[in-house]
Protein chains: 2
Amino acid sequence: MSAAAEGRPPAAAAAAAGEMVREATAWCALHGLVVGDRADPRSGTVPGVGLVHAPFSLLPTHLPESHWRQACELAPIFNELVDRVSLDGDFLQDSLSKTKQVDDFTSRLLEIHRKMMEINKEENIRLGLHRSDYMLDSETNSLLQIELNTISASFPGLGSLVSELHRTLIDQYGHLFCLDSKRVPGNEASSQFAKALARAWNEFNVDSAVIMMIVQPEERNMYDQYWLAKHLKESYPFMLFLSSTCPLTIHYTWHNDYQENFVRDGKTVSVVYFRAGYTPNDYPSEAEWAARLLLEQSSAVKCPSISYHLVGTKKIQQELARPKVLERFLENKEEITKIRKCFAGLWSLDDEEIVKSAIQKPELFVLKPQREGGGNNIYGIDVRETLIRLQKEGGDALAAYILMQRIFPKASLSNLVRGGVCHEALTISELGIYGAYLRNNDKVVMNEQSGYLMRTKVSSSDEGGVAAGFAVLDSLYLTDKAM
Amino acid sequence: MSAAAEGRPPAAAAAAAGEMVREATAWCALHGLVVGDRADPRSGTVPGVGLVHAPFSLLPTHLPESHWRQACELAPIFNELVDRVSLDGDFLQDSLSKTKQVDDFTSRLLEIHRKMMEINKEENIRLGLHRSDYMLDSETNSLLQIELNTISASFPGLGSLVSELHRTLIDQYGHLFCLDSKRVPGNEASSQFAKALARAWNEFNVDSAVIMMIVQPEERNMYDQYWLAKHLKESYPFMLFLSSTCPLTIHYTWHNDYQENFVRDGKTVSVVYFRAGYTPNDYPSEAEWAARLLLEQSSAVKCPSISYHLVGTKKIQQELARPKVLERFLENKEEITKIRKCFAGLWSLDDEEIVKSAIQKPELFVLKPQREGGGNNIYGIDVRETLIRLQKEGGDALAAYILMQRIFPKASLSNLVRGGVCHEALTISELGIYGAYLRNNDKVVMNEQSGYLMRTKVSSSDEGGVAAGFAVLDSLYLTDKAM
């Protein structure tokens, strides 16, 4: 394959890069591929001010088509798996019993979950909007799962736009790089998520009911959410859409009829879509926990329910990776094999052998705390030091973490554009596959792969997250060969 | 008619206003209704950074349908008039001969024009993208022309979006205000302008030729221009589109073949579209004047040509308003009557009677300098003082100005949104009607009304211009009754 096709632009292409960057950032401004600029103190609370283009990769990241297909095939299987696991309340409680001792956040979630078990709360309509994140391990040339997000999976809106941006740029400049825009897969993540929310509303079957999106009071990524709202409003005009700006301290009136409906502003809420509530910061007082409980008790479809939320924890990810656990939830052996193939090594810290290995060769492991939100993973020499400290502390201290095999994706040169400036950097990429699942009792209404998100970050940085400023939004370019 | 229909919202509507403002500003961010924020020093030069929603009116301004029709009907007549006047070089030179003495900018334009007359330069393909601005005079209930812009008519891109924003808001909230989105006229200004540019390219008839847009090096309104570029690129992909960021000091190679083509980066330029060059600031050195002359000499279609540019001066506007002048250029009496009906009183300052009247009753006049760019008009008591000073100075000092009847539009309450904040204010509005005209020798290829722009400003302010911060972009709402 030519150098150009591998992303190293020839001279003509390099000369066009400056013009491309201007074209691309202008495209972002015209097409709503924007975020709040942290330099503007109002940009997270007032829409339309302090806008800046979302950071992006100038060209899409190459991915072998076989791995793309593999990731897409996994989406409906993971969707189904989440649903099955969510129904096994005892499994969730047991698996997380030690985590509960050391992590207050998980403990509070489990408490709500336990209360629902006590009243035999049934969720007949179950909606999941997930994102399963993968990296391509260069040692084994295999796609390995990093994590499965079952709450507030972000960037369905902006991610779709990046694919469109890349197609547009390739249509205009692709000949310089020997690229063909048809090799960038279509990405309808936000309209797919909107469709799933609308179908859940439909299953709820109350014409006057509304969908409520719960958001954080300050959110620089609000346009990702507004894109979803736009798709909902345009395609499903029969639904009023409420965006609660005051996150979990929602102003509610409790309509205590036999259906236990959740009512807001006089409207029954059919679906509660959480774009908040996934981090302890979203619960600054007891009021937010009370609201979360109230919502869970209501008849509204929760996306996610407390069970779905718990299935997405790292501890459950690790439990599912243990021998014979998948078999408890799935029958189809082919599906089990597919799922297991993408599991990286995952271990609980009560496995003394593996802790010993990790202290000896910390560079081969990642130490992951049970808390959510990213930015807390421990790498390299810190793995050793932390493990030794935790062992000394004794008791349940070790239960706050899990160990994961460290994945070594192949680094490649990318042009990252941020704040209107383009930087060439050695980067690694993470592929997220969105999945939408909707079930009403025995009827599976929807079980689909629903678009994707590529995130690319500077490889010398160990921490991810576009919001943290180390990573950019990206899309993908399908290639025939292995990377 | 109800209070609601007149734009005074009832209580429910007032309560919804806060939500509407957030919806509207978010819509702007998603749909590219943005400008560069003056608070960000890079916002005028680097696309995609320092963005803020364009200031806008929350709801469209009411306009009687009869006046709307009148303004639309005038567009093709003015298009034709500009073309006819442009062909009468002596008329332009004579009319502006005194202005030349006192205004260096007009003098330089006239010099280029004279040179073109000397070499009998013929412009067979003539493209005009104009905007005729009107106000509705409340004293006479008549639509009166403020000015006719024949160069760099701004906001075809953002103006179209405001109409779309208002339709969207009315679809969502219109029931609260008794409004119907179908009463907001469709507005395709930017795609219409793109079509006209593409057709001019087509008439030029060189497949490999490009269109060149000349812009200012710093332009916070760049997204208005990018919208036009987007429409061009999407609908007419056969054309390469160059946006010169270094305005009139263009880097050119002079291709001195028999056609006297203007060539840039190896490509023949078929159409030069000026979004710069209308103010003396765009000519900081002789290099820019040399470039303007070079372009004028070339075979490229200039939008506008030097003649079209001069037809748009205030002095020519005033000359056309003199008795029997219109008859020199138009034959159709009905059309002449229509044009004359929209002319406000316009006088040269060599009319001693009118100068005397203006000194006595300055509140009935506006004193307009011959310079372009807005922001220099003189109102109220300053009219008297300036006239007295100019009379004392004697000589040609008076020739630098024209007098215009002051128009008194009816003020009404509007909600103006700027920087995410909504202010209720007593406002007046100015209606701009875009016109596109394309001619190739005897063949009129295009002569159309091409969308509109409403601008609304706080009535206590005497100066206009969205860029100056006193005005907002707006659209219009057709009513049956007179205002």
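Note: Cβ is positioned from N, Cα and C throughout, glycine not excepted.
Positions annotated as substrate binding site by TrEMBL: B:Arg131, B:151-154, B:219-221, B:Gln225, B:275-278, B:Arg455, B:466-467. Positions annotated as ATP binding site by TrEMBL: B:Glu147, B:Lys314, B:368-377, B:Tyr379, B:404-407, B:Glu430, B:Lys457, B:Glu463. What TrEMBL lists as Mg(2+) binding site is B:Glu147, B:Asn149, B:Glu372. For B:209-311, the entry in TrEMBL reads domain 'Glutathione synthase substrate-binding'.
Counting every protein chain shown, the number of other Cβ atoms lying within 10 Å of the Cβ of B:Pro369 (ATP binding site) is 16. Each residue in the domain 'Glutathione synthase substrate-binding' (B:209-311) has a pLDDT score, and their mean in this model is 79. On a Cα basis, B:Ser152 (substrate binding site) lies 21 Å away from B:Lys457 (ATP binding site). Counting only the Cα atoms, the space from B:Pro369 (ATP binding site) to B:Ser152 (substrate binding site) is about 19 angstrom. Rounded to a whole number, the C-alpha distance linking B:Glu147 (ATP binding site) with B:Ala276 (substrate binding site) is 18 angstrom. If you take the Cα of B:Arg406 (ATP binding site) and the Cα of B:Ser154 (substrate binding site), they are about 24 angstrom apart, rounded to a whole number. For the pair B:Tyr278 (substrate binding site) and B:Asn149 (Mg(2+) binding site), the C-alpha distance works out to 10 angstrom. Note on proximity: among B:Asn149, B:Ser152, B:Ser154, B:Arg220, B:Ala276, the binding-site residues of the record, the Cα nearest B:Tyr379 (ATP binding site) is that of B:Asn149. Its own atom aside, the Cβ of B:Arg406 (ATP binding site) has 21 Cβ atoms within 10 angstroms in the protein chains shown.
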